[in-house]
């Protein structure tokens, strides 16, 4: 799995954890090990520009995903996973920090960035949360992936509750 994490934000983040949880999420979703993903960490000004340009919405947001090859997990266990360019995930640590502090289960900026990384991966794989049933499916997968990764890394306590809506 080729995953690049590029921190352009000026904020210190746990890039290794972002890389690790992205790799874990893609493995859990059975994406081909030769697929490629890029994660870019930006400041609020850059995120706001992207949010306006691509979503026509004001202000910065926490995470944006830009799919390339529209890879999907294999439908069957014996099916060969697809290979290709997943696309880009853009994260904003300043927004993540605020969301982590304001969440019902307060957590760190890095924990929020881990959650948002999984959220971005799921968007790249075609998951969405516009409709209630889609939201339940996506957030259920997101929680299972984050919990699984935390368990494998010996992290205890409750996983961050979803802060993206």
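Cβ atoms are placed via backbone N, Cα and C, with glycine included.
Database features (Swiss-Prot):
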- 119, 123, 129: Zn(2+) binding site (BINDING)
### Summary
Fewest C-beta neighbours within 10 angstroms among the binding-site residues 119, 129 belongs to 129
### Task
Would you count the other CB atoms within 10 A of the CB of residue 123 (Zn(2+) binding site), including those on all shown protein chains?
20
### Query
In terms of DSSP three-state secondary structure, what is the assignment for residue 129 (Zn(2+) binding site)?
coil
